[in-house]
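**Student:** Sharing the feature lines straight out of Swiss-Prot:
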SIGNAL    1-26  signal peptide
DOMAIN    52-182  domain 'SCP'
CARBOHYD  144  N-linked glycosylation site
DOMAIN    228-261  domain 'EGF-like'
DISULFID  236-249  disulfide bond
DISULFID  251-260  disulfide bond
DOMAIN    306-442  domain 'C-type lectin'
DISULFID  327-441  disulfide bond
DISULFID  417-433  disulfide bond
């Protein structure tokens, strides 16, 4: 067992006095923790740091190695509570055991010694030395020996520490009380036997998800589980700021990329900047790296041209509202069939397309096609996506069949959107908007005019 070295003479004397004179406690209590004003004789910041560092160093020295040992952090609330208990000079009181924090179990190590006999650091080191008499394999202390200070000191799940010291008077003898409080506490018993303080194994190999980091200082023998400083396992370059909740870098102006590693000074003249790719998304009718070039309308992509309007038939399927959005992104709208001529030409084309055209997305539910007509419950009528009233109609026989169930349509999305139905010679049918259909985008003259002149 590794432990801090003390001079042989003084170490032997301390051990004897601990056995003969020292009064010790190592217990678990549900106390009341409150923010209080600093008490006279409380540990200063340097002493607190030394005790915390010593505790963590000793916890990293346990043998066999601990797989789940937590790193301790200093708690001013626990320190105030420990100071208050040290001031009792070993006299138990029920008042400390009552209060608001009954659910928080706190473990205690306490030592009473003649004043000046030992420093707090030496007392903690002697608590750890009790481990020489503790068998981790058997989970018990040697006969007629005390190990409870040791087991509390190395209790794996304890994560907070606070200590206090007080000079007491006992007749003509000055007594010094040393107290440390640990939260959560340890030394739990099952059927009269104290359970082992930690699980053995490779350091940090059994850390829980909330403390998945592994802390190891230069003077530590092994690692201690801690809240990871950087759970994303990444860092942002060029003064980027890491959001550890999303593991995303917020880059300063002029930089982009996952780690802000790409210098980007691109300006989009007619478009918006896509930060993650350092590129421009151009407005309709513009192209080029900076969206500065006026481009011609891509008439070669039209499947049909009717009276100057361009119609594009999708090779993929989607819901009605997603299909409408995709047409809008291209600068058009879902097809608006306002005459028998357009209806006849589309029906003829789609009938031929049914057996000749390949699709890139076979995950569609029907062989039908969305057009830009929906039922508006507020107006109790079908309207085109532009808001225009539907004057021309080509509903199939018996359709629309959900028109009378307005409440059902609104509540469940039945029959609110219109498709060209293959089984009815591509006449219209009202359908659930969440159905996945192919769709037809239309580019009328007002859409095409936004592009550069072309043929």
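Heads up, the Cβ atoms here are built off N, Cα and C, so glycines get one too.
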**Student:** Considering the disulfide-bonded residues 260, 327, 417, which residue's Cβ sits among the greatest number of other Cβ atoms within 10 Å?
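**Tutor:** Sorting the candidates by Cβ neighbours within 10 Å, the top entry is 417.
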**Student:** Taking only the Cα atoms, work out how far residue 433 (disulfide bond) lies from the residue listed as 'N-linked glycosylation site', in Å, as a whole number.
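**Tutor:** Roughly 79 Å, rounded to the nearest whole number.
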**Student:** Inside 10 Å of the Cβ of residue 251 (disulfide bond), count up the other Cβ atoms and send me the figure.
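**Tutor:** I count 23 other Cβ atoms within 10 Å of it.
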**Student:** Between residue 441 (disulfide bond) and residue 251 (disulfide bond), what C-alpha distance do you get in Å?
**Tutor:** 37
**Student:** Count up the helix, strand and coil residues in the domain 'C-type lectin' (306-442) according to DSSP, in that order.
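**Tutor:** Helix/strand/coil tally for the domain 'C-type lectin' (306-442): 37 helix, 39 strand, 61 coil.
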**Student:** Would you mind checking how many other C-beta atoms are within 10 angstroms of the C-beta on residue 433 (disulfide bond)?
**Tutor:** 22
**Student:** Out of 144, 236, 417, which of these recorded positions is nearest residue 251 (disulfide bond) by C-alpha distance?
**Tutor:** 236
**Student:** Please report how many Å separate the Cα atom of residue 327 (disulfide bond) from that of residue 260 (disulfide bond), as a whole number.
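**Tutor:** Computed Cα spacing between residue 327 (disulfide bond) and residue 260 (disulfide bond) is 33 Å.
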**Student:** Could you measure between residue 249 (disulfide bond) and residue 260 (disulfide bond) for me? Cα positions, answer in whole angstrom.
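**Tutor:** Cα-Cα distance, residue 249 (disulfide bond) to residue 260 (disulfide bond): 7 Å.
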**Student:** Rounded to an integer, what is the Cα-Cα distance in Å between residue 236 (disulfide bond) and residue 260 (disulfide bond)?
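**Tutor:** For residue 236 (disulfide bond) versus residue 260 (disulfide bond), the Cα atoms are 6 Å apart.
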**Student:** Whole-number answer please: how many Å between the C-alpha atoms of residue 260 (disulfide bond) and residue 144 (N-linked glycosylation site)?
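**Tutor:** Counting only the Cα atoms, the answer is 63 Å.
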**Student:** What's the CA to CA span in angstrom from residue 417 (disulfide bond) over to the residue listed as 'N-linked glycosylation site'?
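**Tutor:** Here the two Cα atoms lie 84 Å apart.
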**Student:** Identify, in sequence order, the residues in the chain of residue 144 (N-linked glycosylation site) that are 6 or more apart from it along the sequence and have a CB within less than 8 Å of its CB; answer 'none' if there are none.
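**Tutor:** Expected: none.
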**Student:** Over the domain 'SCP' (52-182), what is the model's average pLDDT?
**Tutor:** 89
**Student:** Among the disulfide-bonded residues 236, 249, 441, which residue has the largest number of other Cβ atoms within 10 Å of its own Cβ?
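**Tutor:** Per the Cβ count within 10 Å, the most buried is 441.
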**Student:** I want to verify one value. Collapsing DSSP to three states, which class is the residue listed as 'N-linked glycosylation site'?
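**Tutor:** SS state of the residue listed as 'N-linked glycosylation site' = coil.
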